[in-house]
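S.K.: Could you have a look at this structure, given as structure tokens, before my questions?
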Amino acid sequence: MASEKVETVIAGNYVEMEREKGDSSKPTKSKLSTLFWHGGSVYDAWFSCSSNQVAQVLLTLPYSFSQLGMLSGILFQLFYGLMGSWTAYLISVLYVEYRTRKEREKVDFRNHVIQWFEVLDGLLGKHWRNAGLFFNCTFLLFGSVIQLIACASNIYYINDNLDKRTWTYIFGACCATTVFIPSFHNYRIWSFLGLMMTTYTAWYMTIASLVHGQVEGVKHSGPTTMVLYFTGATNILYTFGGHAVTVEIMHAMWKPQKFKLIYLIATLYVLTLTLPSASAVYWAFGDALLTHSNALALLPRTAFRDTAVILMLIHQFITFGFACTPLYFVWEKFIGVHETKSLIKRALTRLPVVIPIWFLAIIFPFFGPINSTVGSLLVSFTVYIIPALAHMVTFASSSSRENAVERAPALLGGWAGLYSVNIFVVGWVLIVGFGFGGWASMLNFVHQVNTFGLFTKCYQCPPHKH
């Protein structure tokens, strides 16, 4: 594996890593490779978190606003953005705790990428590991499916000579090339470009909507039903639940302990993209968004819109890699090739992971409703409930709190305040996210199946003009 040296990050002592990283005797080719390929800085982690968080959800947030109404849409974004940052912080604390304990036992992670289920296993045992593995893998599987659906949904607005299902076949083959990207170290240039692309698209949506103005007879009747309200809220829960890959991103850092505030800063930046774009598109088109879950469908076709579509396509390829790479790691570990140094061998063994993703994207091409369903049933547990519960159980005993690598933040009132926030997160997400959200999202999803059918060739396509 090309990045084996880079992955020698010791949670307690960074001297060796710093010396390797700072070696100035490298040839030019190696320096270029480091510049574009080996990313392990705080900035790389920030770009990865920001780029991974917003992706195609940017295009479905105006749809969520039409379900929620403007005020609820804005408030839910702020609320879930803060809650997502909190649970990403908890995951980072548990990762550093696990890694430090293991390295005190002289465990070497030179050729091994630590994952969330291994953190749960090391700290809490096999039942927690199994729960983490099930929810994380299922979420990442459907996260990858959503990227494929989004690719087909977007390209159709530039070229409608092929139906969306055919485009899904084509992009499935394109996304399969992510098997050649070894780890999150190697997304340095991609995550940087990805964030530039979503930034352009968000501001294009904002400005184009304001320039277009409100459509004739525009109505802003949301929220109208409980089903639509909680479906929209759950899509926003999904938006700020992009930290199912937090552990893998942390592991790719030179100094994982610096991760603590990265996700919060990434979320604040993402809010500068999502709030203006969703608000402006909803203001301009109102209730029309209820039947157009991809906001690009309503904006007039211009060179700017075509540019946004192309940039989002490239970004969805990158995000597919983000969602799928942890699945590749799990599969590699399962069949015993994870620590091999042969990049080609690892790439070939990863290919079976792409096939079910491809198949599911063809069965359920419901861009928008699938986000809410995945959010309520999977994201709620993967990135909110399990991390908060795991943190509370890990530090339940007084000795574990005294010996914790990361102390409870004094700002919250120490451990008591931390536990209070965790209990609130678990309760809220269980009742509102999983309970009401799951009920609403499943009803909406079943409605889409009954209306359009499985394997539908062209979901929400306008009548084809010859």
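Cβ coordinates are placed from backbone N, Cα and C, and glycine is handled just like the others.
According to TrEMBL, the protein carries these features:
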DOMAIN    38-431  domain 'Amino acid transporter transmembrane'
TRANSMEM  74-96  transmembrane segment
TRANSMEM  133-155  transmembrane segment
TRANSMEM  167-185  transmembrane segment
TRANSMEM  192-215  transmembrane segment
TRANSMEM  227-249  transmembrane segment
TRANSMEM  261-285  transmembrane segment
TRANSMEM  308-331  transmembrane segment
TRANSMEM  351-368  transmembrane segment
TRANSMEM  374-396  transmembrane segment
TRANSMEM  408-436  transmembrane segment
S.K.: Looking only at the recorded stretches 74-96, 133-155, 261-285, 374-396, which one has the largest tally of CB-CB distances under 8 Å to the transmembrane segment (351-368)?
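M.R.: Answer, by Cβ pair count: 133-155.
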S.K.: Which residues of the chain, 6 or more past the ends of the transmembrane segment (408-436), have a CB below 8 A from one of its CBs?
M.R.: 83, 86-87, 90, 226, 230, 233-234, 237, 375-377, 379-381, 384-385, 388-389, 391-392, 395, 401
S.K.: Residues of the same chain, at least six outside the transmembrane segment (74-96), with any C-beta under 8 angstroms of its C-beta?
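M.R.: Contacts of the transmembrane segment (74-96) (Cβ under 8 Å, skipping residues fewer than 6 from its ends): 11, 49, 61, 68, 114, 116, 119-120, 123, 232-233, 236-237, 239-243, 246-247, 250-251, 256-257, 259-261, 263-264, 267-268, 270-271, 274-275, 278-279, 383-384, 387-388, 390-391, 394, 405-406, 421-422, 425, 428-429.
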S.K.: Count the Cβ pairs between the transmembrane segment (133-155) and the transmembrane segment (374-396) that lie under 8 angstroms and are 6 or more residues apart in sequence, then report whether there are at least 3.
M.R.: yes
S.K.: I need to check the long-range neighbours of the transmembrane segment (167-185): which residues 6 or more away from its ends have a CB within less than 8 Å of a CB in the stretch?
M.R.: 1-3, 6-7, 37-40, 48, 113, 144, 147-149, 151-152, 155-156, 245, 248-249, 251-252, 313, 317, 320-322, 324-325, 328-329, 343, 346-348, 350-351, 353-354, 357-358, 361-362, 365
S.K.: Would you kindly list the residues that approach the transmembrane segment (192-215) from elsewhere in its chain, counting only those six or more residues past its ends and only Cβ-Cβ distances under 8 Å?
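M.R.: Residues 47, 50-52, 54-55, 58-59, 62, 273-274, 276-277, 280-281, 283-286, 288, 295-296, 299-300, 302, 304-305, 307-308, 311-312, 314-315, 318-319.
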